[in-house]
Every structure is written in structure tokens, then in C-alpha cells.
There are 4 protein chains.
Amino acid sequence: MPGNVFGERLKISTFGESHGEAVGVIIDGATPGVELEESYIQIQMDRRKPGQSSVTSPRKEYDKIKIVSGVFEGKTTGAPICIMLFNHDMRPSAYSDIKDSFRPGHADFTYQKKYGIRDHRGSGRASGRETAARVAAGAVARKLLERRGVSVVAYTSEVGGIQCERFVESFIEQNPVRACDPEAAEKMVKLIESLAIEGDSCGGIVECVVRGVAPGLGEPAFDKLDADLAKAMLSIGAVKGIEFGAGFAAAKMLGSEHNDQMNSDGFLTNNSGGIIGGISSGADIVFRVVVKPTSSISKPQQTLTVDGTETEISTVGRHDPCICPRIIPVVESMVCLVVEDHFKRQAALLN
Amino acid sequence: MPGNVFGERLKISTFGESHGEAVGVIIDGATPGVELEESYIQIQMDRRKPGQSSVTSPRKEYDKIKIVSGVFEGKTTGAPICIMLFNHDMRPSAYSDIKDSFRPGHADFTYQKKYGIRDHRGSGRASGRETAARVAAGAVARKLLERRGVSVVAYTSEVGGIQCERFVESFIEQNPVRACDPEAAEKMVKLIESLAIEGDSCGGIVECVVRGVAPGLGEPAFDKLDADLAKAMLSIGAVKGIEFGAGFAAAKMLGSEHNDQMNSDGFLTNNSGGIIGGISSGADIVFRVVVKPTSSISKPQQTLTVDGTETEISTVGRHDPCICPRIIPVVESMVCLVVEDHFKRQAALLN
Amino acid sequence: MPGNVFGERLKISTFGESHGEAVGVIIDGATPGVELEESYIQIQMDRRKPGQSSVTSPRKEYDKIKIVSGVFEGKTTGAPICIMLFNHDMRPSAYSDIKDSFRPGHADFTYQKKYGIRDHRGSGRASGRETAARVAAGAVARKLLERRGVSVVAYTSEVGGIQCERFVESFIEQNPVRACDPEAAEKMVKLIESLAIEGDSCGGIVECVVRGVAPGLGEPAFDKLDADLAKAMLSIGAVKGIEFGAGFAAAKMLGSEHNDQMNSDGFLTNNSGGIIGGISSGADIVFRVVVKPTSSISKPQQTLTVDGTETEISTVGRHDPCICPRIIPVVESMVCLVVEDHFKRQAALLN
Amino acid sequence: MPGNVFGERLKISTFGESHGEAVGVIIDGATPGVELEESYIQIQMDRRKPGQSSVTSPRKEYDKIKIVSGVFEGKTTGAPICIMLFNHDMRPSAYSDIKDSFRPGHADFTYQKKYGIRDHRGSGRASGRETAARVAAGAVARKLLERRGVSVVAYTSEVGGIQCERFVESFIEQNPVRACDPEAAEKMVKLIESLAIEGDSCGGIVECVVRGVAPGLGEPAFDKLDADLAKAMLSIGAVKGIEFGAGFAAAKMLGSEHNDQMNSDGFLTNNSGGIIGGISSGADIVFRVVVKPTSSISKPQQTLTVDGTETEISTVGRHDPCICPRIIPVVESMVCLVVEDHFKRQAALLN
């Protein structure tokens, strides 16, 4: 599946299974001569790792990264940067029950049908653990974007029907759900904790803002900036939709309301979400993704065995009742990769 | 902007501006030996062309296609298929007013910033006319999919707040908004006609169903089937969001509700929209896109001139007050291209 | 066959058959704002067209190009540039004999085996006429390279065993074989004219020099500058080999002879042909390609019919007894495309 | 430098520096369900490793590979296969002298100019050690090709002016230069041993034969089979040229000699080297590459220091006086990758 390569001028290849030897990533095309330390990447890894709080899986993943290539004396060399995460907390036996049955909501059934063979251990390649490699790569892209004055921030705006009503940016990394509203965050935590006890899970919405992108990024007709961001987001297993700016609300709007008018101070509104005709407008890039409820729940569910017999399954394990807080660094990472890639494409175009 | 190429094994390149000589497309990778007639493609072109009804632009585009290469004695040869649409109804003078000002909602501003130069005639490359080339290419992909028993149907499910309540598939092509509900369609037509008089426009939602795809299409990690569909959809200028299956409603659902359980008859629900872990599940692929209100309205709006002076603009012209009915063949075309491409990728993988 | 797209950041797609409606090319990624006139491109087309002299085919190809898109008011806009060459001198009847038999040296047999179907008219897609599209694209790349002070010159250095002994650059475009040595050129012309009478053909060697490329172009490990040039050259139907710098003579050299030593004036020799480790060294890029004898000859040859019966064939027609003079603009064009593409890649890397 | 990714449907990404932590490769797109053992890959690694005989470098590289992902219970899963080779015999101190000067023939100068920074330890990314990753990937491709009955064999046909006169296939792996002629092999060994004493090196020619490819592989116009093979070969650092079939000798041939005529037994000759019009003809694919003399020699040579001062350098170290025997598995590996990739592309085309 050559689908494991992403990007044009900043290109990444991820590999590895949840309970294999390691997961990792190669980043090809990073600007040479840029300072890059493992500790900088590790900060992002720690935001994604399980066991951070009462609302995340207590599973212990040693998300300690190692730069294997492409960095010399603390600087990128222009050679491909390989970053590895060796797996340690492997409990294949804990997954023997899922060897023979398809867990609802998981990719067990579809992988079996696609490949005719399946590494069932902890979802194998389909595990959320694959996103650790993306976060490592995203940290490299983030470093490159810092030079340009671009920042990427994502946060939980809704969980299980509880919506954030206000935006306190400084609070985002101070609460376990990474919500932007202290009151909503408190309710979200309670909901998630109660779902953990019930053996159920819930979905949510993550919003992302990209600041500091000047007008001009994005390549019509097909590689529009929003098109590439949409692909990046939907490539995250739990994401089932995306909307930019006014998003689905635009279906109920008039053109006279939706058009972002301009005066000499800039745009009067940002219904377009900072992207018009596939190209950044200079306004903040704003989009939201919907995150489905975690598929792994301990409530019993109907399913089939690999040989087609009806059965019931309840996924015992150490799972996140709501994946929003841990998906946020993944969202940011993919955004960093897309935006940095488009900066490089623009440089190629204009050169 | 090498962003004008789309697809991996069925690869298209579009070219042409709204008021240039022609728009067109090259389709590279079509299976050889397949019967292909211009009349088959023309059917799809006619679904997209303006002037079809009271709710579409009265503009006359000669969307008469010509196959220039790749077809010999009525069959594809495996060589690239070039399809041309020569432009005839060009009125560059009608656009002289937009030469010096940026129309709100349009890509005038962003193109100027990106390229430093802009073919302003009828939006140039950013015109919806570019999608005519996609529809031509999509018709070729549709032909290839027919061999596989795959069908792709899109329809308007909401316009300006009016929602379809029932699904009458046979009615879709029988009404000017391509809605799936006769009662809703009538209201939609009235709304659109009144907006045309007011010089305003409205948005809507288009839903798409793909039937007949067996389990196994889609390439994790990045080229997931939903990721590629999302990119394809957001590459359409007026589309601002997409959701699969339960979509944004998943934010309010529990895992026990959202997971698609199975018994020996198949899936009990289709909240995943036919794609799990990025791979088709065998259930219908279902997604919705939000279509923004047409940017061209005759109501006066604030904007800037090219040299930065504040001004007012009202876009006089022959525009669609709601683009949903005409975007439907574009949506279907892009879906056909993505799905056929993934069939070819899967053949390569398994071979 | 998605093999019809070439390049990364300056990407071209060619289409069209020898005796179809047209051949053409899309160039995607050209820098916006660059002056580009049809007459500039036409100069290169005229260097490739048949009927230039006594040593080329008297066939009349109307290689009059038309820019269909991507240029506005005389300047590139950043949109894809489509250039068309409509076919006029089509004589399908002249090729009815080759419909049923495979001409030795031609791609008749391999196309039939690959695609199961074949547009036999004048070799269809496999015709040398496809290279006209490349020359049109190459002229655009040449224009972009002029801004950088890069020049690309190719010339015949050997024909049918007659070798050039001296290099008179100003003479190259003054003789019908485009040889760099006046005395050798005279002998070459005589040889080719006599072969034309005999109904036979001969091969030769074309050498190419690229000047003005600063050190640093080329992307290890795989997209080395010489690797991409080699691919470009071997993608020309009649080219069967390439060598850089000392080339095959290196097999007989010692390291102490072959290594290009340096002093403060630069390299003392250029055995590497201006590329070391896949990256331009700043010295002239120098390579040679071998051009096989034209496959179309009127001497009778053994072959098979499409249904496998043994037969004899003699290709009557208007063919070039030696393709070297007309392949030169094709060689230069492909080189321009590769080098300009690598300039853009380098800009992306360093940005 | 996103130039580190190669292939379309069987795609590899290599990474790692000579004296970094490891070199490795990701192979994406391998057919699932195929048996693959580390020992199978190790056989090819051992053919490339130094220290095999009196004519290769006595350097000890621990080319012990480890499959990190993509294989489960001894079979490929369709997930990316990561193969690592950890470095052990690192002696950075041995290379401190090359930190400040550019070794003639090496990529020291061009890397410095391209990236502005250079990992000088043992040539860093430009080291021949990078090819170990290719051999590992090539072994996977070879495994896939075995299912198709395709074999790839390369051998030394010339070293330092000594040419093989006969072809004894069974002898190739029985002699340290991997020559195909026992008498020539003996002379080659003597020559190489004497050059080792003198501190000099020599070049040679490697020939490669691919058997068992049915007609139809290769994608015109640009991704011709010979074009892709040429790119693959020139992407190997020491290769400076390639020729197919009759190769450069075609410059002296007539069309009536060069054309491969056919009768019902097949082609009467193979001057085309098994590829016509970029597509395999069913005949053996035959090509030759020229291998330059090893750049590392201990004879003193003129060069510059990094800051531009003239100096002399003599590369002390453990180098191969002739790289032909060790380049052979690299050549074969790249060929396996290209051919397997084209099988997959052909499956996609016809599907």
C-alpha cells in the first residue's frame, strides 16, 4: 500500500505496527542547516502519549523518540530524517480474543478483506499508534514553520454534546481534554470519566487555527490548500468530517452573508476559513473536524468471527473513552506538514 | 502550479481558462480496449452546463466536447485521452469591471497574491468552467466503473435551509435542483428564483452514494479512501466541508451507538459511511458536502481595488443563485475518478 | 499508462497520436509573470520538423503550435500552459500495410502485446511525432532557464562511423546534420543521402553540453541529476544509451586518472561530466546519447503478421535515414525540462 | 531532498548515513501474503558486504538486517516493510582529515555546495553504504518476482581493460570479481590486487540480464521500461553510463542490421536489448553499465579545503580498488525494484 507516503516537497513515510518492533517515520526534504533536537520533538510526543490524565488510556507507551539519521551536530543536513519509536509495552496475549473476531468500528474486517491477512495485535498497522510517527514528523515541520512565524493550535471545542462557549487559549494545555473553555472542560471530564466506568465512549469536535500564513499558499486546481488539509485530516482514523470557516452552516446562508467583504483593514469576516479558491487569504485558517467515539468499548456488541459466524464481543483493554485530547497533537502535526509543504511548493513555483 | 494533476493510476491533468481558447483534460491510465463514445461523455456535460432551467445561469456555454486522442475506432487504446471544450461565448468586456477590483468570495484576491498576475476574464483559471474538464474526465472513469458494477449518484439534500425529508431516487434528474424529495424541490425552486430577483444567492448540501464497491478499496495510512474523496471534494471551489456516514452528528454519539455492528446479513447500521479505517466496508459509501452560496451576487459589497483602495462592487452577470444542481455532476465525476483509481491501485497491490 | 507525465515541480503531460487530431502538451508549474510568445516556441518546433533539408524526411508536418491556455497578455500566469499542434498531413491509407504486420524495430509488436489494441496509423502514440509536444514544452523550460543564465546545446558528434574531430559551435545550426565539425558534416550528409537511395538508415551519437548551472542541483539518492537526465534521454524512442563525462571509457581508466582534481581555478578535468554524487559540480554538464538507426527502411525484412504468420515487410514512406539532426531539439528540450525542474526543487529544499 | 523515494506502486524510501546510527529502507506496496524471511534477504546483503575476498575492502560492516515492520508470522501483510541495518564499525576519527578538504571524485564538494552543511563521516549520506538499504529492498522485490518466474543476473564483463570473452553463468558467484569468464577473472583479480598495493583503483563494466519478462511491461511515453532502468542505474553513485542491447555500437550500424527481425520462433537478434518503444518485447532484457574507478585512492591528489585553499589529499582507508563485484547486487536490486514495480503498474492499467 504505497499510501504510506504523504507530501510533495516535504515528504513523509510512516511504518510500523502497534505491537511490532517499532513505529517510525522518514521525513524527506527538510531544509538543511536547521537546529533540531530530540527534546523538541519529545515535547509533542508527550502531548500524544497515553496515560497523561484521568481521561486518557492508562496504557503505557514508551513514546521516547530517537533520531536515527539526517541530523548532524544538532542540525538538519538535508538528508532524510528517520525517527524511531521502539515498542516496549507489547502484550500480544491481551489481543488474542480479537484474533478471530472483527471488532465493530475497527478496521479488522476491512483489513482482512483488503489484504487477506491481518496483524491483529493491537490493530497492527491500523492502530492509533501509527499516529505517533506522524507527531514526530509534525514536530520537524513545526520547527521549520517557526522560522516563518507560523503557529498551529488545535483544541477540543465539543465533547459528547458539551460545547465550548468561550475561547481561552492559555487554558488549552492546562486541562486534560484540551478544551478552550474552563467550564465546559470540567463537564467534559466528568462525562468522560462516567463513560469509562460504563464501558462506553463518546465523540467530539476539534477545532484548529493556523496563524501567520501570508496570502498565496495552495495550488489550484486539485492541490488546493483546503483540499490537502482535508485529505490530511481524513487520513486520521477517527476523523469522519471536516469543515472550513462557516462550514456546514453555509448551507443556510445567503451569498451576501457568506462572502467575506474587505476594507483597508482586511477581511470583515472569515466565513471562508482563511482559504479562498484553494489559496490562503492571509486571514487565520480555521477548520473543525469531527472525531468519532472510540470504537473500543467494553459493552457487548454483535459481530462476526473471521470465518463468518455470528458472535458477541466486548473489547477489554486500556482505551480512551474520548480520543479528542490525544488527537489534537496529531491534527496539529498533519497541519504543520501540509502547510510547510505548501511553503516549499510556493517557493518552487515562484523561483 | 503542478496542482493541476490528480490521481495515481488514473491520472488527469486539466487546463484552460474560462475565457481563453478552451478548457480540457488529459486522462492517463484508462484501461485499453473499452468502448468510449463522445455521446456518452456529452450526457454528463449536459448535466453540468448552464442554461438548463430557471434556476441555473442563462449563460450559454458550448460544452460540446471533442475527443482529441487516445480513442481509436471507438475504443480506448491505453494512450492518454485528451478531451477539449473550445470556448465560444466569451465576453471579456463583460468582465472589465472586475479587472481592477477583487470580488468578495472569489479567488481574485488570492490569485493576485499568489501569482502576482491574474487572468481576470470570468475568473480565468479559478472559474467554475474548469470543472467542465473534470466532468469530461469523470465520464471516462464512470465508463470504467460500469464494468465493475459500481454506480455513483449525487443529489441535493438541502438548499437555503430547506431539507429533503424523503429519498425518491427516480425524481432526482426530473427536477431542476436535482433534489431527492419532490415537495422540498418545489420549495427550493421558489427560493432560488426569488433570490435571483433579489440579486442574492444561497448555499446547500449535496449528498452522494456510491454503490457496488466490494470491501477492500483504499490505502492506509494516508491514501485512505475517505481521505482521497475528501481531497477530491474540497478541490471543488464551492465546497467548504465534507462528512461521511453519521458525520458531524458523531460528536454527540456514544461508541455503542456509532459502531456499526454486524450479523450474518451484514452491517446493522452505516454510521461509518461505508469506509472503516480508510477502506471500503462493502456497505454503500455515503457522504455529504456543503456548498457555499454563489459568490457572484449583484448586491453591492465592500471590497478593495487591486491597488488597495476601498470600493464597492456588485457583480452583474449571468450567475447561478445556487450552484447545487450544477455541482452534482462535478461531485459524481470526482468520485468516479477516485474510486476507479483505487480499483487500479488495489489491482497493483494484489498482483 | 500514467507514464505520460514527467517532472516534479515543472510537470508536463503529453498526448496525441501521429495521425490523430492533434498532439499536444500541458506544462504545469511554470513561473508566473514570464514573457512567452508563440514565435519563441515556434523556433524550436522548426528545428525538429521534417522537410528541413536533403537529409530529413520530406514529410510535411504542420508543426505550427498554438498556446491554448496559461498565457495572458503575453505572460505566463502560473496556470497550466496547454500547447496544441493540430495534425494536417494525415495519410492513414499510407499505413494500411502496417495494420496487419509488425515492423521490425518499431513498437508495433510491443504495443499490441501491452494494450491488446493498437492505433497503427503512423505508429500512433509511439510515433516520433510525440516528441513535437516535448519540444514545445522544452521551449517553455528554455525560456525559464534563460533567466538563470543556463544554456543547453546538443549536436551530432558521430553518424554511421564518421566522427567529429573538432568542435565549431557556430557551425552546428549551419549544417543539415547539426554536426560540430564541417569536414565530418560533409561526409555525413553524403552517407545519409546514399543510404536514402539504398532504402537503409544509420545510427549516430548526439552530445549535449549544459552551461551555467551552479553547483548544487540534483537530489540524492534516487533523483540524482544524472539519473533524471538518463531517464529523460532513454524516454526518447530512438535513444539506446547514455554516458556522462568520460563515460564508458572510465572502464579502462584508473582512479588517479578519472578523479577530477581541483585547484583554485576549479576542476582540472571534467571526467565526471559536471555531476558528482548526483549533484552538479559547477563544471559544464556533458553527456552523449547513442541514437539507433531509424527503424523504417524500405529494404525487405522478416517479420510476423498480427495473427502470427511469417511474412516480409518493407516500410515505404517518407522517413529520415538518420534521425540525429531532428532528435537534437528533442534532446535539448528534455534537458531543459529536467534542469529547470531541479532548479525549482532546489528552491523548495532551501526555502 | 525528497529524492530519497523511488518507485510508483512498489515504493521505497531509504535513509541513513555511513557513520550514523543505522541505514534502512521502507518498502511500501509489497503484495500481502507472501512468505518473507530475514535469512532470504541476508543472502543478498552478504553479496554486497565488504570483506568478502582479497579484492574487496577489508572493512567490516555488520550488514545484519532486521525486519522491523510489515511482516507477521513470516508473511508480508501489505503494510510498509521497514528493514534496518544498525551501524557498528564506526570510526569517525578515521575521517577527521576529510572534514576540512574535498576528496576528488567524491561528493564532498557538491554536498557542501548543495546543502551548506555536510556530514563528512565516511561520506555520510553519499556513502556507498546507502546502497545496502537498496539491496535489502531489492531482495523483497526479488522475492515478489520469483512468483512470476522472473530472474535477474548481473556480472562483471570488463575490469580495467580486461574483457570477458565467454559467458559461464555458473562461474559468476564462484569468483571474487563476479566475472563470467574464468580466464578473465583470474587476470582481473591480479590487476586489482596490484592496484591495491599501488594505492590506485580501476573501473569496469557490469552487464545485466533479466529473463522471464513477457512482452508488455513499460509505460510510454516517459516511464518507458528502459528509461526507468536507466534512472535506477544512474542513481547508483559509481555508474556513469548505460546502454541497452547493441548500445553505443548502434551508432555504427545500419537499420537493416540493427532492426530485430522476427520469425515464428521469435526475434532473430536482440539488438534492442529486449525493450522496443519502451516496452518489453519478451526477449531477454540486456544492458551494460560503466562503473567508474573508486574515487578513494591513497595516491596524493590536488584539491581544495572547505575554505578554498589549495591542498593535497590522499585518502587512507579501507576501500575497494574496484567496486564492480560489490556493485552487482546493487544493480540487480534496483532492476528487481523497477521490474516488479512495472508488473504492478501493468496490472493497474489492464484492470
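Positions of Cβ are set from backbone N, Cα and C atoms, glycine also.
For reference, TrEMBL has these:
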- A:Arg48: NADP(+) binding site (BINDING)
- A:Arg125, A:Ala126, A:Ser127, A:Gly277, A:Lys292, A:Pro293, A:Thr294, A:Ser295, A:Ser296, A:Arg318: FMN binding site (BINDING)
*Among A:Ser127, A:Thr294, A:Ser296 [binding-site residues], residue with fewest other Cβ within 10 Å*: A:Ser127
*So which of these binding-site residues, A:Arg48, A:Ser127, A:Lys292, A:Thr294, A:Ser296, get their C-beta under 8 angstroms from chain D?*
none
*Inside 10 Å of the Cβ of A:Arg125 (FMN binding site), count up the other Cβ atoms and send me the figure.*
30
*Could you check which of the binding-site residues (A:Arg125, A:Ser127, A:Lys292) sits closest to the residue listed as 'NADP(+) binding site', going Cα to Cα?*
A:Ser127
*Going through the binding-site residues A:Arg48, A:Arg125, A:Ser127, A:Lys292, A:Thr294 in order, which have a C-beta under 8 angstroms from some C-beta of chain B?*
A:Arg125, A:Lys292, A:Thr294
*Mind giving me a neighbour count for A:Lys292 (FMN binding site)? Other Cβ atoms within 10 Å of its Cβ, every protein chain shown.*
28
*asked:* Max CA to CA distance in Å over the FMN-binding set A:Arg125, A:Ala126, A:Ser127, A:Gly277, A:Lys292, A:Pro293, A:Thr294, A:Ser295, A:Ser296, A:Arg318?
replied: 44
*Which number gives the other C-beta atoms within 10 angstroms of the C-beta of A:Arg48 (NADP(+) binding site), all protein chains shown included?*
26
*Which of the three DSSP-derived classes (helix, strand, coil) applies to A:Arg125 (FMN binding site)?*
helix
